[in-house]
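The region 'Disordered' feature in TrEMBL is assigned to 1-21. The compositional bias 'Polar residues' feature in TrEMBL is assigned to 1-12. Taken from TrEMBL, the feature domain 'Cupin type-2' covers 44-101.
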């Protein structure tokens with residue numbers, strides 16, 4: 001049996017991140033949806049300048065950067081620049097955001113453990129001032 005390769009520009013199952021949670025365009029491909037391990041894995045690509053809103057995760061989150069240049073910031077802390085190969089372990093309940101640099105795509109795996117506790121609590125958008133400060 002043979003299968004035809006997926007020749008589209010985006011993998012099958014890729015969806016645009018919801019506008020109410022993102023400033024700019026981000027694409028999400030679920031690699032492992034809800035399953036018996038109670039863990040999900042998503043491949044998230046932010047277009048240049050895109051970022052998600054401030055949010056937290058009831059059971060924490062792991063980010064593994066696979067391509068591009070981006071930022072990660074916890075509320076009240078300076079932003080960190082992230083590149084391919086970087087990983088971030090986010091403790092439960094920590095308010096944060098992540099997204100792409102202004103001139104680069106940014107892709108990471110988002111690993112969410114214990115999703116039966118909830119996946120994310122979405123908050124307000126990251127302001128343009130907060131985003132510009134991350135670039136300093």
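Even glycines carry a Cβ here, placed using N, Cα and C.
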| Across the domain 'Cupin type-2' (44-101), what is the average pLDDT of the model, as a whole number? | 98
| request: Please work out the helix, strand and coil residue numbers for the domain 'Cupin type-2' (44-101) from the DSSP assignment. | output: 0 helix, 34 strand, 24 coil
